[in-house]
């Protein structure tokens, strides 16, 4: 029923907003590029017959009324902001597919018991202020006050950026939804991995979203001359760091479900001919089960301490962030499964290793996600790509999922 060509044209048009010479997209929160994106999507929402407004957090919302004005609302959406030099599907697909769903309903005279709201959440990525999911946290009523003091590379705080965008940070609590007012939240998103591609399927149903911990390691040794210091006398924190990173890989692999990554490492003083004095790196550890993730972390910590003693270096750790795993709602999963069956797609289940706005909304409503196949599993890159056909398939599954949720009492 949905018009895949219309969805695709909108994706491509939106992808021009913030486009870089590399072909990637940079569209940070509370910038002129984000404003242009919001205005463009707002025009799509109005074309779809929605009542359009922004809440106190800057979340862009388009509402389709239901037959019962007192019924709880079904939310569908994602985000419009990007990472630096990212792709044009991560976030926008979920928002524009939501618009396509309600526009198709309106064009075919489909009415629902529950109202439906399409939401484009503010600052999911956190690329500008290094604190993400601002809009969804605000809607859930869980945005900590200290987040307003986070600053970008230019020294501008989140509070200042909101004011520059015409928002009042003091009104942020007004964005919070009251308990019991949201029936469910459904998000269509690119997978950002290779599982669907490996299985040859265009869409999949998400079982849950992995919980993560970020742990900063600081390893201190002794800076000495690289040529004049015998190997037997060295207190080399870089060698210890390398050994610990291998331990992380080994312990994560033992479970079959945990993933551990070190994507950031700093070496001091950083001379070619100097044994480092200090090495810092951050561990990203994720699993769908918190107890499994925590067991892996304990094993890593014990082995890291052993390595420190063997190499005569000092290891300290600091937990930077923790996010609990979130399981998707049985009701939303059943609706998505029925949608797949209706459309002739297998019900393929997979977890999400990446965090999404869904995580923040889980405390206030049932949540669910549908994934669309990612070419080569690439995301957060100009090479991010999903085909027109796969995007349309995901939107069709989303349509029938939302319809079923919005029809029920």
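Using N, Cα and C of the backbone, Cβ positions are placed for all residues, glycine too.
When the candidates 380, 400 are compared with the divalent metal cation 2 site entry in Swiss-Prot, which names 90, 125, the shared residue is 380. According to Swiss-Prot, 79, 90 bind divalent metal cation 1; the candidate from 114, 189, 225 that the record adds to this site is 189. When the candidates 120, 127, 355 are compared with the N-carbamoyl-L-alpha-amino acid site entry in Swiss-Prot, which names 192, 225, 273, 286, the shared residue is 355.
Secondary structure counts, DSSP: the region 'Involved in dimerization' (208-325) has 44 helix, 46 strand, 28 coil. The sparsest Cβ neighbourhood within 10 Å, among the listed binding-site residues (90, 125), is found at 125. In the structure shown, across all protein chains, 286 is the one of the binding-site residues 225, 286 with the greatest number of other Cβ atoms within 10 Å.
Among the recorded positions 225, 234, 273, not one has a Cα within 10 Å of the Cα of residue 90 (divalent metal cation 1 binding site).
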